[in-house]
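TrEMBL annotations:
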TRANSMEM  30-49  transmembrane segment
TRANSMEM  260-282  transmembrane segment
DOMAIN    260-417  domain 'SSD'
TRANSMEM  289-313  transmembrane segment
TRANSMEM  319-343  transmembrane segment
TRANSMEM  363-382  transmembrane segment
TRANSMEM  394-417  transmembrane segment
TRANSMEM  678-697  transmembrane segment
TRANSMEM  703-726  transmembrane segment
DOMAIN    708-827  domain 'SSD'
TRANSMEM  775-799  transmembrane segment
TRANSMEM  806-830  transmembrane segment
Amino acid sequence: MAKCRTDCLERHLRICFEMLGCFIGSHPRWFLLAPVVLATGLGSGFYFLTDRMSNNIEEQFTPVDGKAKMERKYIRETFPGNESIFSSLRLSTSGNYATLIATSDRNILTVESLQDILQLDYRIRSMVVQFDNRSFEYVDVCADMMGSCTSNDILDIIKDNANSIDAVNLTFPWYRSDFRSVPLYLSLGSVKLNKESSVVESAEAIQLYYYLREDTKAKTDLWLESFINLVSNESSTSIQVSYSTSMSIQWEFEKSPASVIYLFSITYSIAITFSIISCWRLDNVRTKVWVASCGVLSTGLAVLSGFGALLLLGQPFVMTAASCPFMILGIGLDDMFIMISCWQRTRVLDSVPDRLAHTYREAAVSITITTLTDALALFLGYSSPFGSVQSFCLYAGISVCFCYLYNITFLGACVALNGHREAENKHWFTCAKIPEDLPPRTSKAFSVCCVGGSYDSMTEKEETESISHIFEKFYGPFLTHKLIKANVFVIYAAYLAVSIYGCWILKEGLDIRNLALDDSYIIDYYNNQRQHFSEYSCNVMVAVKQSFPYWDEEGQKQLYSCISNFESLNYVNNTFAWFLSFQQFANATNLNISSQEAFHTHLPHFLELASVFRQDLNMTAANEIQASRFFIQTLNKTTVKDMMVGLRKTAEECPVALLVYHPAFIFFDQYTVIMDNTIQTVLVAVTVMLVVSLVLIPSVLCSVWVAFAVCSVMVGVTGFMALWGVNLDSISMINLVMCVGFSVDFSAHISYSFVSSPKSDVNEKATDALAHLGYPILQGALSTVLGVVVLSVSGSYIFRTFFKVVFLVVTFGLLHGLVFIPVFLTLIGACEKSQTPTKMSSD
């Protein structure tokens with residue numbers, strides 16, 4: 001292994017980049033202007049940004065080919081519904097509605113509280129809304145139930161009279177009156193029952209729904225907006241009201257990009273400031289102020305070009321892609337610091353083309369490795385089943401490619417122009433030629449402002465920065481000491497143990513409330529819903545997908561056996577079915593429905609009395625039942641993933657062809673694919689990254705160590721992500737895919753520098769690598785963190801998650817790059833002096 005070399009391509013790349021550096025150094029102005037012109041042209045794509053916005057939550061945050069979407073298609077085609085007989089239970093979507101939860105610290109079933117609720121209900125129903133110079137009320141847009149608007153059960157029970165509450169014995173969870181059963185658990189929350197019966201003594205919350213038709217969306221959306229305005233301005237001493245609508249989460253999600261726009265200016269200001277400070281030299285000629293500023297500008301041009309090009313091509317823009325500029329800034333500045341570090345190790349007396357050629361020879365391959373791995377990891381992430389991940393990966397991947405292009409061309413040209421200024425010993429600000437040494441009879445203040453251009457006369461190179469000197473003289477020898485190496489292994493073992501524990505407790509799935517801003521009104525609604533109405537979960541449809549002999553005793557046994565299997569699940573509460581109600585009706589009226597003829601004879605009469613059940617039957621012209629459906633009520637006694645998977649499995653095991661569906665399953669499907677898809681994407685990305693490393697790093701074993709570092713960082717980020725309260729969802733998946741590329745940057749730079757070192761002793765090689773790239777890597781890490789730190793104060797979960805994961809990646813990547821990997825590399829003894837590639841002379 002020690003003699004295995006893979007530098008055939010790497011050697012040729014170094015020669016090609018050396019020639020390119022010489023050419024750019026000879027014609028810097030062309031390479032300065034061309035990227036600006038290209039970025040300006042492509043940036044015109046931002047004109048289409050508004051038209052390309054695609055922030056539909058279902059499209060972007062649910063699996064593209066999710067099973068529930070196929071189930072919904074079947075339900076819609078088989079049970080189309082009836083507009084004149086509305087039933088929220090039978091909707092194939094969440095519906096079009098407004099809702100509110102009224103809560104009280106004590107008992108909300110008091111006359112005073114109910115009067116406030118009834119008064120609010122009246123104002124909502126009588127609210128006048130203007131549309132196309134015409135006014136309309138709730139009655140004009142409400143969902144129709146037998147000629148009337150849908151009502152709320154709890155208000156129907158008290159007959160819209162708060163004083164009648166004392167005369168009503170409410171039973172929970174079902175209230176039976178006038179030969180019908182009312183699911184009171186949908187209306188009352190945090191209920192306290194009489195110890196000896198199911199009679200309600202008190203409750204803390206009442207939920208009301210206002211369902212609308214779905215035919216005129218513009219009109220109903222206007223009513224929903226008016227509902228929000230009305231309820232938000234209501235106040236009462238006896239109740240507290242939280243509210244939401246079917247469109248609220250979508251509208252609130254669309255506010256997220258605007259909430260971080262101001263953060264971009266702050267971020268780039270911080271990045272420019274940090275870059276200038278870290279590249280500042282006391283020498284007025286050798287300072288790299290302009291190069292640092294151009295490095296930030298280069299990343300801005302990359303984002304402008306990448307985003308603009310995709311917008312011109314009609315690619316949808318999803319809000320998650322708004323995180324890309326922060327990531328590109330970190331990648332671009334990291335490459336800039338590497339180039340500056342390599343430039344400073346060139347001979348000052350050489351011509352600018354020669355200096356830039358040597359810089360490219362040293363830096364370009366290292367930058368190419370990290371760019372390739374970053375871009376490939378992102379492009380592989382495009383295979384994700386989530387639209388939000390696809391959009392982010394595509395926009396980020398293209399922007400990374402432009403960032404690389406502009407760093408090689410635009411930034412290289414800036415370095416060359418700055419080099420010409422240095423060669424002429426001109427002041428960084430005034431561009432006036434200044435003396436190298438302090439003239440006689442001048443003050444020290446003059447030397448601070450008007451003297452510069454000194455260099456090490458022994459090596460003919462720029463003076464080494466003090467931090468690089470610390471890496472070379474103190475940190476490198478300290479880290480390679482035997483005792484310190486042993487402690488590093490102990491620290492790594494502890495890091496790995498905590499990370500694995502975090503991975504073990506990692507939760508899956510996106511909480512829908514996290515798509516809204518922290519100060520959104522719907523947060524209170526979701527909190528109240530979870531607090532007061534969390535006992536009961538989904539009322540799931542179960543479709544019988546075949547013609548079935550419902551009258552036959554053997555057939556009934558099969559179907560009842562399937563129902564029994566559902567009800568044996570600890571999270572299933574009861575079953576509500578048309579054929580059970582029909583059977584009860586037949587028993588109550590002494591009808592015999594045990595034959596096919598009798599069954600079909602009496603069924604129409606039953607459906608006339610209970611017309612809502614017509615929506616549960618798909619019948620031919622000859623009144624043959626092709627398919628039907630019934631409902632099972634579930635409880636919150638397990639995770640939604642286990643509930644959905646358990647119901648589907650039970651349906652598959654039934655001898656009757658069944659299908660289970662609920663509108664929420666569209667979102668729950670993410671739980672079934674997110675873990676496997678993330679692992680698959682990350683493993684493929686790591687494999688591709690390993691191949692790239694094997695091709696471009698002249699040591700097989702060192703390439704393997706890079707892959708090891710990436711996997712180690714991934715485990716650490718995933719584990720500590722869980723400990724920091726971040727779930728594995730489509731948003732964090734974006735960041736984990738990005739992790740692969742980011743984590744390569746640190747380990748690849750050090751590994752490449754290690755195997756390229758002319759030193760013979762492995763400890764000296766590690767020290768040499770840290771001396772050359774320790775400070776640039778530290779600069780890159782700090783610039784990346786500073787580039788995203790402002791997102792930590794964002795009111796959006798999406799951008800805060802981005803900050804958390806990037807912070808973990810940078811922290812653990814830096815830990816591996818500057819601590820773990822140098823120590824591990826010294827132990828392999830794989831890279832001997834005879835293996836080192838041709839390198840620029842150090843004398």
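In case you wondered, yes, glycine gets a Cβ from its N, Cα and C as well.
Unlike curated entries, TrEMBL annotations are predicted automatically.
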Same-chain residues near the transmembrane segment (703-726), Cβ under 8 Å, at least 6 residues beyond its ends: 6, 495-496, 498-503, 505-507, 682, 686, 689-690, 693-694, 697, 732, 736, 739-740, 743-744, 746-748, 751, 801, 804-805, 808-809, 812-813, 816-817, 820-821, 824-825, 828
Rounded mean pLDDT for the residues that make up the domain 'SSD' (708-827): 85
The domain 'SSD' (708-827), counted residue by residue under DSSP: helix, strand, coil: 106 helix, 2 strand, 12 coil
Tertiary contacts of the transmembrane segment (678-697), as residues 6+ beyond its ends and Cβ separation under 8 Å: 6, 9-10, 13, 365, 368-369, 372-373, 376-377, 380-381, 383-384, 703-704, 706-707, 710-711, 714, 728, 733, 736-737, 739-741, 744, 748, 751-752, 755
Same-chain residues at least 6 beyond the ends of the transmembrane segment (30-49) whose Cβ lies under 8 Å from its Cβ atoms: 24, 298, 301-302, 304-305, 307-312, 314, 317, 402, 405-406, 409-410, 412-414, 417
Long-range neighbours of the transmembrane segment (775-799), counting only residues six or more past its ends (CB under 8 A): 256, 259-260, 263, 266-267, 270-271, 274-275, 278, 319-320, 322-323, 326-327, 329-331, 333-334, 337-338, 340-341, 465, 467-468, 471, 514-515, 517-519, 731, 742, 745-746, 749-750, 806-807, 810, 813-814, 817-818
